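Have a look at the structure that comes next, please.
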Amino acid sequence: MLVLKTTDKEFSPRFQSLVSDRREATVDVSGTVRDILAHVKARGDAAVQEYTSRFDHYRPHSHHLSAAFIAEQAAKCSDEVKAALELAAERISSFHQKQLPQDIGYTDTAGVKLGLNWVALSQVGIYVPGGRASYPSSVLMNALPAKIAGVERIVMTVPMPHGEINPAVLAAAQVAGVTEIYSIGGAQAVGALAYGTETITPVDKIVGPGNAYVAEAKRQVFGTVGIDSIAGPSEILVVADRQNNPEWIAWDLLSQAEHDPSAQSILITDSESFAQQVIAAVEQILTTLPSQKVASSSWQNHGAVIIVRDLAESIPLLNQLAPEHVELCVDNPQLLASQIKCAGSLFLGRYTPEAIGDYLGGPNHVLPTSRSARFASGLSVYDFLKRITYLECNQAALQKIGQSAVTLAETEGLPAHAGSVAVRLQGLKDM
């Protein structure tokens, strides 16, 4: 765990080292993934069966999960879990419903009609991890925006190691309106969604997090299908003053550290004594935390505490780090928030732990990582929509603007472009 002070002479190079810390998997899996995708593309269901048997020790007669099986598994969830999923779905849906954009249409001064129509994607694939990262909340966060956007076919793949699955994942799929579910994981699932098999119709876009193999598979199929992003390890940055309870902040830091040994948790504070209290609280919590092994590895190898002269000094540091999650645990969080340009999502005030956003705050928890918040945004309804523009010229409008189009086409040396306009202009003169 790194401790930095902006007053130290060596702060700048040490901070830049933190900014450039590459926490993604260092093993090159591109060749393995390329082979898996090629086999799935060429051999379809047979290849999917072989990889599922090899990696998940599971060989079903069909990977398609029936409505009866889904209902049977979902029924295993307690009433409390079902109610929590319903509440989360309600809040997520409400926020994303408000994102739906309006079509644009107008007639300009030349008499040309112009516009833009929003159109939903036809079919989308959602990858849901198994194992440690089997999260029903991710089902809601990926599927609900697609449903609200108007996607008609929402296909989910989820691995079932040894034939087992988290019932809450299937309950969440029911709540979110997923239309098809297949028990496939890994790069082979991405291949099946992208290329299709004898039993799986290919989709137009693939969203959802996964391990290094899934991330690389999404990278390789991009172009054949759309993708949301290449997800990296989780991140949280907490800006906190001395008025906070250090134990609260420690729990917040560990909430992301427990995701992955490569996750990163950073505290920025203007109080050195408070920083030491938080560090001590983290160490104390780790002694009894069930996820101690993962969280401790993350904290020790990638955690950081930065002590600044004042909280205003945190803003340029934060914008350079461009973290996935930012908590502003200060008296006037809106003041700092207005200056933040690079972050996935903000959590304002002392009573808004990031975990609320993970489950049922409303905004999406699929957020840019690995400093991609410099240029990317979290998952939203817009990820499941396309924009189609249109133009309509009548005779008078073409006569007003057409000759300029001919001039530009001739300037670019494209005579057929020029001719397609000029022939119409001549036709209008001859009328």
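Note: Cβ is positioned from N, Cα and C throughout, glycine not excepted.
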For the substrate site that Swiss-Prot assigns to GLN256, HIS259, HIS325, ASP358, GLU412, HIS417, which of SER234, SER273, SER372, SER377 is also named?
SER234
In which DSSP state, out of helix, strand and coil, do we find HIS325 (substrate binding site)?
strand
Using all protein chains shown, find which of the recorded positions GLU324, ASP358, GLU412 scores highest when you count other CB atoms within 10 A of its CB.
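Selected residue: GLU324.
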Given the recorded positions TYR127, GLN188, ASN211, GLU324, state which is nearest to GLN256 (substrate binding site) when distance is taken between Cα atoms.
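Minimum Cα distance from GLN256 (substrate binding site) across TYR127, GLN188, ASN211, GLU324 lands on GLU324.
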What's the CA-CA gap between GLU324 (active site, proton acceptor) and HIS259 (substrate binding site) in angstrom, rounded?
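Here the two Cα atoms lie 13 Å apart.
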Determine, for the NAD(+) site, the additional residues of the same chain whose CB lies within 8 Å of the mean position of the CB atoms of TYR127, GLN188, ASN211; present them in sequence order.
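The answer, listed by sequence position, is PRO129, THR157, PRO159, ILE184, GLY185, GLY186, ALA187, ALA189, VAL190, GLY210, TYR213, VAL214, ALA217.
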Do me a favour and check the Cα-Cα span between TYR127 (NAD(+) binding site) and HIS417 (substrate binding site); whole Å is fine.
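If we compare the Cα positions of TYR127 (NAD(+) binding site) and HIS417 (substrate binding site), the gap is 44 Å.
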Using Cα coordinates, what distance in whole Å links HIS259 (substrate binding site) and ASN211 (NAD(+) binding site)?
12
